[in-house]
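What Swiss-Prot says about this one:
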- CYS66, CYS71, CYS77, SER306: [4Fe-4S] cluster 1 binding site (BINDING)
- CYS92, CYS96, CYS99: [4Fe-4S] cluster 2 binding site (BINDING)
- 78-295: domain 'Radical SAM core' (DOMAIN)
Amino acid sequence: MSEIKTDDPKRGIKLRGADKTARIPIKVVPLQEKLKKPEWIRAKLPSRKFFEIKDILREQKMHTVCEEASCPNIGECFSKGTATFMIMGDICTRRCPFCDVGHGRPNMLDPDEPRNLAESVKAMNLRYVVITSVDRDDLRDGGAQHFADCIKAIRETSPNTKIEILVPDFRGRLDIALKILAETPPDVMNHNLETHPSLYRKARPGANYQHSLDLLKRYKEMMPHIPTKSGIMVGLGETDEDVREIMRDMRAHNIEMITIGQYLQPSDGHLPVLRYVTPEQFKIFEKEAYELGFSNAAIGAMVRSSYHADEQAAEALRESHGGCGHH
């Protein structure tokens, strides 16, 4: 897998917060007065298992997105013995202003990473693992082969572990990426739409809503038995009707599983929270998602893309192998 550039003096320098978002098309404007966090936004405190897992991760030099993206559920998920691993480094080639992962020119791929990841999964005794990555626009296949190598390595050392991949959009490299990931499939294929298309210039510069929908639709056509999944955040300026429109678009593109959670601002350099959706409204979205035909919907303030992914997948995999009637 060859890189486009080799000796780059800026490679490996990570920008965060306001430094990262300084050059995006629509500037991040802080609110005069921040919205007060409501009482339902609460994370659970970590247990001893959480600290054991952190030790294993440091030993194996692995990054979890749980840590890098400052996820509020980190204590709960680590305590259950589940984790989402971020491969291909912790420097992203995009500058999305909702995300707490650093931006810059990434380092070369680590050829030992698939083996290290597989060893971590085995050491942590995971039943279910989610693998995600930064965007790697510097790679000719967007990093798809590295995903495949990680899947293969885990299958060899932990054959009973279910694998979900949460992929970037492989912009400009979609054909080759889908081919690679069809040859070495995960158990669940996840790619997040993140928000309504009207907010893409503000929240997801460099990405395209229709392209992301097409990625999942095309993968489903190639691999009908692999459940597809996508997620969005609320609180960036969308309306309830916008959320419903996204759900309808997902179903029109054969996406079976959905996650919807509250956006929380990682720092003052990130997009402000424009609304806190109430637990009652999340319940309404959940009901509407099932009415639209999603096989599983994880919808609530503290839900993130990988939150309770093991439970979601168990249901979706039962349905897809048992011939559910959605397609």
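Using N, Cα and C of the backbone, Cβ positions are placed for all residues, glycine too.
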Validating a neighbour-count step here. Other CB atoms within 10 A of the CB of CYS77 ([4Fe-4S] cluster 1 binding site): how many? 25
Note the mean pLDDT of the domain 'Radical SAM core' (78-295), expressed as a whole number. 89
